[in-house]
Amino acid sequence: MKCQWRSFGYKSKVVVLCSIANFINAADRVLMPLAIVPMASEYKWNLYWQGWILSGFAFGYFTSQIIGAIAVNSYGGRRVLCFAVLLWSLSTAATPLAAPYLPALITARVILGLGEGLGLPTIFQLFAQHIPAEERSRAFGYMVAAGSVGQTVASLFVPHLDWRVSFELFGFVGLVWVVCWLLTYHDPPILSDEEGQQLIEKEATCVSWVEWISHWSLWSIYIAHFAMNWSNYIIMQWLPTYLSRTLGANKESMSLTAVPYIINSLCGVAWGHIADQLISVGWPVLRVRRLMTFFGLMGPGICLALFPEVSNLVVAVLVISMAMGLCAANSSGHLSNHADVAPNHAGITFAISNTIATIPGILCGPLTAELVVASHGRWFPVFFLAGTINFTASMIYHTQSSAKPVL
């Protein structure tokens, strides 16, 4: 049994279980943006209240990132990831009960964010600890792709289900994962000497908090992540509403919102293999990270800047699909860069990065509503701003990033 734990099979188990967790994470996250169209009609919510409901998630997500990264070092990935999935699954299942009462609903959204905020830093720390550098791009690619599959499945099913059933169903799936996790995942194995040489030394080191914000190589990651999430939150939170209000999408055609996530999933795996292949044939890691981030930020930036000019529903979905496919390259770019520059502390650097990158989630709900109302129903300022942020972040990452460990 111990030999099996030391084998590649153990690493595969870590990647598979964490990828499934991210599948559930991403699916639960898009339930409200999809369900809010019929919910707003049923409960008579205006655009401002919809914005606050959508952003409630980000308030919780913002709060728990760094807590999750610290907790995984103190309590281990098994306990923290189990608690995270349990928390967000219970809040998902409870959403139909809270829906008639806005304070209760927003509280449930905050709790969902708290749980999901604990999840990804834990997964990043597990990957940094147990996945060798030459396999990390693929591992992150599979994990991100699983999230896209979760968003795809939710986008396909939610428009055809009663919105209450959607929340209850995906909440139940999360509880099933918790049971499987407790039964199949145990404490990390003792690595063989050969694997130990491949992985970065993980001895405990004391790092001043100033160090987390004192290196441009880290700030370039934080800024790139902020920009990526600004675009992603716009698409995730507002695409169904935009297609319904501006392009006349009905309940049946709303399933087209699954297409961008399908493309993102497929491209995430492809970009991961391309990045690992480039590294294996001798490309410097930094060049690969910069190339992937260039595609992942500049590509969606162009697509979003042009998106308001599209007046056809199918073409609009294709443009967003292209943006999401290019965005998937980020998993092999700045998202994988954490394990390069902070191999001993990738969970914490990701938590800081994701905390900063959650600010768009807080702002995009009410700010988008304000921009659309102030522009008399025009969405051009929303998408142009997202494109501009992507362009700027891409330039900063290209000039300031590094692949050398700084922590």
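A Cβ is built for glycine as well, from the same backbone N, Cα and C atoms used for every other residue.
Keep in mind that TrEMBL annotations are predicted by a computer and have not been checked by a curator.
According to TrEMBL, the feature domain 'Major facilitator superfamily (MFS) profile' maps to 14-407.
Taken from TrEMBL, the feature transmembrane segment covers 50-73 (among others). Panel annotation: around the transmembrane segment (50-73), residues 29, 32-33, 36, 40, 80-81, 84, 102, 105-122, 125-126, 233, 237-238, 241, 347-348, 350-352, 354-355, 358-369 of the same chain, lying at least six beyond its termini, place a Cβ under 8 Å from a Cβ of the stretch.
Sequence-distant contacts of the transmembrane segment (80-99) (same chain, at least 6 residues past either end, Cβ-Cβ under 8 Å): 18, 21, 24-25, 28, 31-32, 39, 43, 68, 71-72, 105, 107-109, 111-112, 114-119, 122-123, 126, 163-164, 167-168, 170-175, 177-178, 181-182. Feature annotation from TrEMBL assigns transmembrane segment to 80-99 (among others).
The transmembrane segment annotation in TrEMBL covers 105-127 (among others).
Using a Cβ-Cβ cut-off under 8 Å and counting only residues 6 or more beyond its ends in the same chain, the transmembrane segment (165-184) has close neighbours at 13, 17, 20-21, 24, 27-28, 31, 34-35, 78, 81-82, 85-86, 88-96, 154, 157-158. Taken from TrEMBL, the feature transmembrane segment applies to 165-184 (among others).
Panel annotation: around the transmembrane segment (218-239), residues 29-30, 33, 54-55, 58, 151, 212, 257, 260, 293, 296-297, 300-301, 304, 320, 323-324, 327, 330, 333-335, 337-338, 341-342, 349, 352-354, 356-361, 364-365, 368, 382-383, 386, 389-390, 392-394, 396-397, 399-402, 406-407 of the same chain, lying at least six beyond its termini, place a Cβ under 8 Å from a Cβ of the stretch. The transmembrane segment annotation in TrEMBL covers 218-239 (among others).
Per TrEMBL, the feature transmembrane segment maps to 259-279 (among others).
Among the features that TrEMBL reports, transmembrane segment is placed at 291-307 (among others).
Here TrEMBL flags 313-335 (among others) as transmembrane segment. Proximity of distant same-chain residues to the transmembrane segment (313-335), defined by a Cβ-Cβ separation under 8 Å and at least 6 residues beyond the stretch ends, is recorded for 137, 140-141, 143-145, 148, 220-221, 224-225, 228, 231-232, 235, 239, 243, 247-249, 253, 256-257, 259-268, 270-272, 274-276, 288-300, 303-304, 306-307, 350, 397, 401.
The transmembrane segment annotation in TrEMBL covers 347-373 (among others).
If you look up TrEMBL, you'll see 379-397 (among others) marked as transmembrane segment.
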Closest-packing stretch to the transmembrane segment (379-397), where packing means Cβ pairs under 8 Å, from 259-279, 291-307, 347-373: 291-307
Tertiary contacts of the transmembrane segment (291-307), as residues 6+ beyond its ends and Cβ separation under 8 Å: 224, 227-228, 231, 234, 271, 275, 278, 316, 319-320, 322-324, 326-334, 336-337, 383-384, 386-391, 393-394, 397-398, 401
